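S.K.: This is the structure I have questions about; it appears just below.
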Amino acid sequence: MASKPRTLYQKIWDAHVVERRDDGTCLVFIDRHLVHEVTSPQAFEALRLAGREVRRPDLTLAVPDHNVPTTPRMAADGTRIPIDDPQSAQQLAALERNVEQFGIRYFGATAKEQGIVHVVGPEQGFSLPGATIVCGDSHTACHGGIGALAFGIGTSEVEHVLATQTLLLTPSRTMEVRVEGELGPGVTPKDLILHIIGVIGTAGGTGHVIEYRGRVFEEMSVEGRLTVSNMSIEAGARAGLIAPDDSVFDYLKGRPLAPQGEDLDAAVDYWRTLRTDEGAEFDKSITILARDVEPTVTWGTSPEDVVPIGGTVPDPADFADPSKQDAARKSLDYMGLTPGTSMRDIAVENIFIGSCTNSRIEDLRAAAKVLRGRKIANGIRWAIVVPGSGLVKLQAEAEGLDKVFTDAGLEWREPGCSACLGMNPDKVPMGERCASTSNRNFVGRQGPGSRTHLVSPAMAAAAAVTGRLTDVRELEGELQA
Ligand SMILES: CC(C)[C@H](C(=O)O)[C@@H](O)C(=O)O
Ligand code: SF4
């Protein structure tokens, strides 16, 4: 008898269940555990108190990213520049102590491989298709872009994984987001995922693992897939998935921690089976038409508050749901915006190009393409480009992109989470606006009183040039009829 058709999620899940319990929970094997400084200290401390070891240090990789300043970390004489903020310095020191004591692979603040944990994982070939990947961080969903089942966990679960390399989980429901057709010129993976979140809402994926399907994703670069999957969590989903294919296998070839030679060939044979079977059913399914997607920006304080760049600030009264009306009013008040204002008339003072959503080499190339030969507008007070890792930084420098940015008047920084969230010195001043390539526009996210407009790297670059939210297609001379 032929076996029942399964979704990609179900295949990965089934391959990792160690034990099914009567109450429906399952003990699941975890292939890869990423660790950063924010959510790990108590977990290590608990292990220490219990006298336990890390079960599989070989499957664990740690890197500091949230608290590191993005200004130079090493003095000319090769000594480390101390971190000013005592709490950040303490977080980093704790991580260093923990990785040393427990024997965990570590890329420290001055290593060239250091970077944002979700950039480093795929880049090193540590994150692999079909793997279960966890990290004490909600944007672990990112790694679903290469076909891994990857999700964020809490600190007590971090401890559980460190101690046992397993987790007790309940299966998720499955959701298909099918995108039909092709994206137009100037429309990027970031615009697509912002649009999708606008359609399904921040609760649309709750309890589900989303699989993104359709030709758009098959033709999308691996970097773009990581961008899309990264923001699955902003749609409420547990994780995102895109079926791995040759682009992913080619991307992983030769990466230091990926399988090599015959091992890689064997792995690829298995990875090719990781596709949703014909006839497999999803619990929920939605279809998006790619031609409906424009360069997209947010107007409010939730990632679902999106509008095409050609649109206007919405009127709260136009929302059907009274709670949405109320939320929109509060958002507009916080954002200092008036209904009916054209999005293209909104001036910004700050530009942030970075974060685990958009700091890979392709993102920097897209921003540099717009900025080449141009200058940032007078009204821009602060504009920074923060590569996702030291290796992205080196690659960008080899391509001369750093020069394009600095010639245009932007600052070129060291890798880290930076202004994506206010846990390090990079903050947007109170009451000021930022065109940001990050993933969250929450109240106070980029610093107390900061106002965030989420955009793609090309759109952030365009805003830098004009000093206001701008349709990048105009700058690229690609404005469509
Ligand atoms: C600090 C960390 C726990 C947090 C997360 O879980 O996502 C951060 O990365 C974020 O993006 O808000
Ligand atoms: S870059 Fe931003 S979203 Fe990503 S892990 Fe860091 S703080 Fe979280």
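Note that Cβ sites are derived from N, Cα and C of the backbone, with glycine treated the same way.
Worth saying up front: this structure is predicted, and the values here are computed from it rather than measured.
In case it's useful when we look at the structure, here is the feature table from TrEMBL:
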{"type": "BINDING", "residues": "Cys356, Cys417, Cys420", "note": "[4Fe-4S] cluster binding site"}
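A description of the local structural setting of each listed feature is requested, covering burial, neighbours and distances.
M.R.: In the three-state DSSP scheme, Cys356 ([4Fe-4S] cluster binding site) falls into the coil class.
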S.K.: Counting every protein chain present, what is the number of Cβ atoms, excluding its own, within 10 Å of the Cβ of Cys417 ([4Fe-4S] cluster binding site)?
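M.R.: The Cβ of Cys417 ([4Fe-4S] cluster binding site) has 31 Cβ neighbours within 10 Å.
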S.K.: Cβ within 8 angstroms of the Cβ centroid of Cys356, Cys417, Cys420: which residues besides those meet this for the [4Fe-4S] cluster site?
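M.R.: For the [4Fe-4S] cluster site, the extra neighbours are Asp65, His66, Ile116, His118, His139, Gly354, Ser355, Thr357, Ser359, Gly416, Ser418, Leu421, Ser438, Asn439.
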S.K.: What are the non-local neighbours of Cys356 ([4Fe-4S] cluster binding site), defined as same-chain residues 6+ apart in sequence with CB under 8 A from its CB?
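M.R.: In sequence order, Ile116, Val117, His118, Val119, His139, Cys142, Asn230, Gly388, Cys417, Cys420, Asn439 meet the Cβ cut-off.
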